[in-house]
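Asks: Before we start, here is the structure in question, set down as structure tokens.
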Amino acid sequence: QIFNQHNAKAPNLEEAFHRMAQMEPNLDHDVSWFLLPSYWAKMVVALISFLCFANSYDGDFVFDDSEAIINNKDLRAETPLGDLWYHDFWGSKLSSNTSHKSYRPLTVLTFRINYLFAGGFYPVGFHVINIILHCTISVLMVDVFSILLGGLQFSNKGRRLNLAPKSSLLAALLFAVHPVHTECVAGIVGRADLLCALFFLLSFLGYCKAFRENKEGQTFSVFWVLVSVVLGAIAMLCKEQGITILGLNAVFDALVINKINLLELIRKLLYKDKALEHAGLLRKGLLFRITLLMCGGAGILYIRWRIMGTGPPAFTEVDNPASFADSLFVRAINYNYYYSLNAWLLLCPWWLCFDWSMGCIPLIKSVSDWRIIALAALWFCLIGLICQALCSEDSHKRRILTLGLGFLIIPFLPASNLFFRVGFVVAERVIYLPSIGYCILFTYGFSLLSKQAKKKKILAVAVLGILLINVMRCALRSSQWRSEEQLFRSALSVCPLNAKVHYNVGKNLADKGNQSAAIKYYREAVRLNPKYVHAMNNLGNILKERNELHEAEELLSLAVQIQPDFAAAWMNLGIVQNSLRRFEEAEQSYWTAIKHRKKYPDCYYNLGRLYADLNRHIDALNAWRNATVLKPEHSLAWNNMIILLDNTGNLAQAEAVGREALELIPNDHSLMFSLANVLGKSQKYKESEALFLKAIKANPNAASYHGNLAVLYHRWGNLDLAKKHYEVSLKLDPMAPGTKENYNLLRRKLEQLQKKGG
């Protein structure tokens, strides 16, 4: 509803507007709920939304945060800001074949600001911003729901009236405490959805402002329509779903501003009714505004298409198996099943999982599958709601149901697989915006029940119970998102058939040094998905370290057979073959890895080790030099160059390489130690001593550092200090090779000196 009146003699115009609104159907007449002033309603919503997710503030970087934040070079100051506009969300070039084409430069910009203000990768600042964003969005939802549920009406002073304060508060609370939002709030990568939602809502509210009558008596403002388009574009630059607000603004305009009856309009279009021009389509500038929205949307999409390139994102079958099915029937039936699962997550958000791919949801391949019931239930409900939205005699009911369905379905369309393949099966984060539609439908359903119920208080208590359960579920789920171990383990009971869940649990255990337990989960991941090359690669690595070389070779050979361009598996296969002393095969594997990943410093490092074992010293030095060119901070490659040159008597060259390395990595104590050894052999004792002492200060418990410094003092003739450091070295490592013999030699020399002195 939109209404504007001017009456200078009215003693209290706002009361008059409220009385006039009460003549229209209103949800608040039937809703048994709390009535709070607007300010207090927003305070309550902000506080409760904060309580739901406050315990996530000091969580770690988990799951996708590693790739999107820690490993994303776009966050660092040395990356030009302009590069953000040509890179995807993960820091890869949009033109790359491996890019997922997720174009969210404004979200990445906020991560970069977080990183710069924090002075590094400290997750607290990132989490706090996410919590603040969700609280802000939840507060804005009070205003949005007051319009969607109560209509749009202004006082003569241009102040928007809240005609459904109780209903809008209930709907905003439902939104604020919905557990399915946990991934967006507690997972830092979810900021894309939060920022998108923020500008999505601001675009909607800006569009509503366009209908506040101005002093010139114009019925709408072109300026505010254009502002809403710009805000929609900003929403899309945060996440792709943002563009859908332009379609929703058009729906809102048609239903609320122009009060078009869709069924009546369809009939007139079908029968070419001459009265079509009076049906509201051309009234109040609707056609002009929709043209503006369409042109704006088309322009935004065209610019994005030009930046992104024409190639579709590269996804694999494990990401979205239904989209790779040959049968159109299988694709359609599974897509609809995924929709029913999303609907169930909104209705009953108890079983939540960080990842729903890789066998978590087996494909439906025939109509005899019992899960077909879920599809039937979904479409039975949707068709029933659509019929009521189109055919009901009650215009108020038609409007609310159509808006509820619009906000439920339209923001979900980019994730529906209808227009393009998406890289997931089910993702909780993509129903952050569609949950607005769910909250509208829930609140409307509650009002209908309240109208029929004799004991309204019992119904209100039941809804309070639902809100309380959701708050507790949010707090529990937020705590699971605090660390990868808790997050991954929480998924085992929800998706036991998901190979990726077992892989991530195994990887987390391996990172903590629990290799035996990690092997168990990696084996289960491979059992569930016999083509899971990353699980094979990681399992092969652990078996290699445990000297179970033959099984490691089998796994890695199978991995490269399944995925011939898997560079990491080729390199690891080379390491295993080197350990088995099959040097020619190892060399071939290393070069195959480099062929598939040209800039692969670790592979050049391992290739250099192979050449060193074969006494091909020049080739080894060249390989290690390549590693340091590609990765100047590659300490192991620098160290091996220094040691090899030292061992072959090239002390001057070893010294030059050592000094070059320390300029690039000035705080690396292992490089200080290697260079100190070279300087000692070159009889540059003072400089060698300084480097040894600096290395010992950085790593005081390294027995070899004390032992070699003792050797330096021994050569230098500083026998007391030599004795002191030999003793420290032997205390740290009584079995240190050569140290005990050198210490005994020193003691005998000291005894001889004492006898001579005596």
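Each residue, glycine too, has its Cβ placed from N, Cα and C.
Caution: TrEMBL annotation is automatic and unverified by curators.
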Asks: Tell me which of 330-349, 430-449 corresponds to the transmembrane segment entry in TrEMBL.
Replies: 430-449
Asks: Can the transmembrane segment (286-305) be said to touch the transmembrane segment (220-237) if we require at least 3 CB pairs below 8 Å and skip pairs under 6 apart in sequence?
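Replies: Output yes: the transmembrane segment (286-305) sits against the transmembrane segment (220-237).
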Asks: Residues sitting near the repeat 'TPR' (499-532): Cβ under 8 Å, six or more positions beyond its termini, same chain?
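Replies: Those are 63, 318, 353, 355, 357-360, 484-485, 488-489, 491-492, 538-539, 542-543, 545-546, 555, 562, in sequence order.
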Asks: Can you tell me the mean pLDDT for the repeat 'TPR' (703-736)?
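Replies: Reported value for the repeat 'TPR' (703-736) is a mean pLDDT of 88.
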Asks: Near the transmembrane segment (243-266), which same-chain residues lie under 8 Å Cβ to Cβ, leaving out any that are not at least 6 residues past its ends?
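Replies: Counting only partners 6 or more residues beyond its ends, the transmembrane segment (243-266) has Cβ contacts under 8 Å with 1-2, 147-148, 151-152, 200, 203-204, 207-208, 211, 228-229, 231-233, 235-236, 279-281, 283-284, 286, 289-290, 293-294, 296-297, 300-301, 389-391, 395, 398-399, 402-403, 406-407, 410-411, 413-414, 433.
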Asks: Mind checking which residues of the chain, 6+ beyond the ends of the transmembrane segment (220-237), have their Cβ under 8 Å from one of its Cβ atoms?
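Replies: That would be 103-106, 195-200, 202-204, 206-207, 209-212, 214, 243, 245-246, 249, 284-285, 289, 292-293, 296-297, 300, 304.
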Asks: Based on Cβ pairs under 8 Å, which of the stretches 33-54, 188-208, 403-424 lies most in contact with the transmembrane segment (458-476)?
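Replies: Most contacts with the transmembrane segment (458-476): 33-54.
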